[in-house]
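Record features, source TrEMBL:
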type: TRANSMEM; residues: A:37-55; note: transmembrane segment
type: TRANSMEM; residues: A:94-114; note: transmembrane segment
type: TRANSMEM; residues: A:126-144; note: transmembrane segment
type: TRANSMEM; residues: A:165-184; note: transmembrane segment
type: TRANSMEM; residues: A:190-213; note: transmembrane segment
type: TRANSMEM; residues: A:225-257; note: transmembrane segment
Amino acid sequence: MIVDGLVNAAGGFTPPTVEDMHLPNFFEIGSFGFGKQMLLVLLSVVIVAGFFMLAGRKRAMVPGKGQFVAEMGYGFVRNSLGKQLIGAHHFKPFVPLLFTSFFFILVNNLYGSIPFFQLPTLSHAGSAYVLAAIAWLTWVGVGIKRKGLGGFFKDLTMPSGVPPVLYIILIPIEFLSNLLIRPVTHALRLFATMFGGHMAMMVAAALMSHLAVTVGGLGGWLGSLAPLALGIFLFFLELMIQCIQAYIFALLLAVYLQGSVSEGH
Amino acid sequence: MSLLMAAEEGANPLVPNIWEIVITAIGFLILLFIVAKYVIPMFEKIYQDRKEAIEGGLAKAEKAQAEAAAAREEYNQQLESARLEAQRIREEARNEGEAILAEFKERANVEAQRITDNAQKTIEAERAAAIVSLRSEVGSLATTLAGKIVGESLNDDERSARVVDRFLADLEAEKQNAGATR
């Protein structure tokens, strides 16, 4: 309402749109257009791989600063995500996937808070979908391989300790919720938080520049302080959300994998 | 193409760009490969090495302690054996000293005996010589004296010797008889 009022008073504030998050491509070959988002995705591979390879290359008994940070990050994924959630017997083969998921998403999210990058790459839905798809294929594949097709679906859709009559309702619900809704929420949670956060930041920034530049004058300058404060608040909120979402994605993946390797429940 | 169009129109942010999917999948899988192949083995190795280093250090310390204890034990044993050795040597020395002393005493005794025997023999010989010389002396004195008393020359040596011998034999027989009766 306030924004509307301001916009009307100023006469024509244009809020940012989705197009502002999909900048023009750098180059295009047929239908293939290579843009900022793709560059950042590929850059994240170099950043994650480069950091850990460099930090660990000395293999020092007494680690330096870089190696210490890298070891802490690795130990965090390995132990609190892998070992504790999946279980000490089964977690080893999944550490690479958990590790890659967490740090890949973390770096891609943090782009949103780094000047000049300023684009959380997973605010583009396709990237979030494909990560959730890889996660889904993995935990479903592992479950079928471990328990057989029948065993996997039985564990998935028929929780034990329930009167058999209820299975009439439970089986379709569990099937739907675990097998279909799970991957969708897995992807959308990541995408939506990044998209929404980025959009909110852009609105704050656009409003600030509109008030300060287009409206101008003392009133405009003073008025722009409010969206500035909002923007700063959003920046730190986003920073937190960017880390938390990376953690949640990896955490859920670990939980799904745990369901696939554990015997019944 | 239609997807791209949709994205460009900005109608729906949920519609993905197919190339973003491809690029993200490729990037993710490349990273997954690097992580699985290099990063995780590297960090696992660091953990393993560190664990071994710490455990090795502890084992080394324990070994050193055990070695020190063994050395102390050995030292004590050596000390004990040295003490025993010293005692043995002292004992031996005392025994040897006693033996030497005894030997010297023995030798002194033997020497003394020998000297005593020699002296006795010498005395015996001296006595025998004295007896012999005394006999001839006494004989000639007695005959001279008897000749003077009897007035008859007893210069005939052969006869006088016979007389003396007879006299002495009588004297000895008498002495022997006296010894037997006594």
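The backbone N, Cα and C atoms fix where each Cβ goes, and this holds for glycine too.
Fair warning: this is a prediction, and the values are worked out from it, not measured in the lab.
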Q: Would you kindly check A:37-55, A:94-114, A:190-213, A:225-257 and say which stretch has the most C-beta pairs under 8 angstroms to the transmembrane segment (A:126-144)?
A: A:225-257
Q | Chain residues in Cβ proximity to the transmembrane segment (A:165-184) (below 8 Å; excluding those fewer than six residues from its ends, i.e. six or more beyond) | A | 132-133, 135-136, 140, 153, 156-159, 256
Q. In terms of Cβ proximity under 8 Å, which residues at least six beyond the ends of the transmembrane segment (A:225-257) contact it?
A. 77, 81-82, 85-86, 94, 97-98, 101-103, 105-106, 109-110, 112-113, 120, 131, 135, 138-139, 142, 182, 186, 189-190, 193-194, 197-198, 200-201, 204-205, 207-208, 211
Q. In the same chain, who gets a Cβ under 8 Å from the transmembrane segment (A:37-55) while lying at least 6 residues past its ends?
A. 22, 26, 66-67, 69-71, 73-74, 100, 103-104, 107-108, 111, 117, 119, 121, 124, 127
